[in-house]
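Here's the structure we're looking at; comments come further down.
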Amino acid sequence: MDGNGRWATQRGRPRLFGHRAGAKRVREVVESCPDVGVEYLTIFAFSTENWRRTQTEVAGLMSLFRMYISREARALDEFGARVRFIGDRVKLDAKLVKLMDDLEVLTQENTSVHLTIALNYGGRDEVARATKRLAQDVATGNLKPEDVDEETLPKYLDTCVLPDPDLVIRTSGEARISNFLLWQSAYAEYEFIDTLWPDFTKEEFARLCASYGGRDRRFGGVKT
Ligand code: IPE
Ligand code: MG
């Protein structure tokens, strides 16, 4: 969800104004998922690198996340979204973590769309945390080193219960991955679009999903 800051700057407003406008776009996109055939949606809300921003912006974002979860919990649940969070919760404040845990529990039986919110998430950080736990299992004898392979490692990732992404959409004209789902996106299709996140609509989402449907995915093989 990139481009909130520039969207606000273009309007002569503080960056947090853009973050608030960005947060308001989420519901429409989530609720359009069943119509466009998306069962799993993952949104990148805050990266492990975003702590480098000013204290004002970081504090504003954290308070926005708390407000967003408190305000949207009911609508998300009524819509039938099953919400999960990925990322390292250790650095997040206890009040926010409680809201995240409660929303996961509240929505755990829901099935209309699986919404994953990446919060204090970084692909490298995730792989490092996974490797640490994997190493602990080896040290305690629960896992044999010779059993570590491409199937084993992802079981330790935050995304262990989620399928790999088919399509990754990056808004705001930047053509980089910025540490998002590094392991999981090995064969993802990418869309880099100029739209700033607060201007992203369900119509554009539908168009990108339809265009994805026309792509020829071979996963390194040859079409037969
Ligand atoms: C939102 O967009 C992403 C978040 C970290 C919340 P940005 O804040 O990165 O917006 P730009 O890139 O400065 O426009
Ligand atoms: Mg940005």
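Cβ atoms here come from the backbone N, Cα and C positions, even for glycine.
Since this is a predicted model, take the numbers as computed values, not measurements.
For Asp2, the entry in TrEMBL reads active site. The feature active site, proton acceptor is assigned by TrEMBL to Asn50. Taken from TrEMBL, the feature Mg(2+) binding site applies to Asp2, Glu189. What TrEMBL lists as substrate binding site is 3-7, Arg15, His19, 47-49, Trp51, Arg53, Arg170, 176-178.
Taking the features listed in TrEMBL, we show where each one sits on the structure.
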residue : record                 : DSSP class
Asp2    : active site            : coil
Trp7    : substrate binding site : helix
Thr48   : substrate binding site : coil
Arg170  : substrate binding site : strand
Ile177  : substrate binding site : coil
Glu189  : Mg(2+) binding site    : strand
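DSSP assigns His19 (substrate binding site) to a helical segment in the three-state reduction. Rounded to the nearest whole angstrom, the C-alpha distance between Trp7 (substrate binding site) and Glu189 (Mg(2+) binding site) is 26. Not one of the recorded positions Trp7, His19, Thr48, Asn50, Trp51, Glu189 has a CB under 6 Å from ligand 2. When the alpha carbons of His19 (substrate binding site) and Asn50 (active site, proton acceptor) are compared, the span between them is 13 angstrom. Proximity to the residue listed as 'active site', judged by a C-alpha distance within 10 Å, picks out Arg170 from the recorded positions Thr48, Asn50, Trp51, Arg170, Ile177. You'll find the Cα of Gly5 (substrate binding site) roughly 13 Å from the Cα of the residue listed as 'active site, proton acceptor'.
Proximity of the recorded positions (Asp2, Gly3, Gly5, Asn50, Trp51, Ile177) to ligand 1: a Cβ under 6 Å from the molecule is found for Asp2, Gly3, Gly5, Asn50. When the binding-site residues His19, Arg170 are compared by the number of other C-beta atoms lying within 10 angstroms of their own C-beta, Arg170 comes out lowest.
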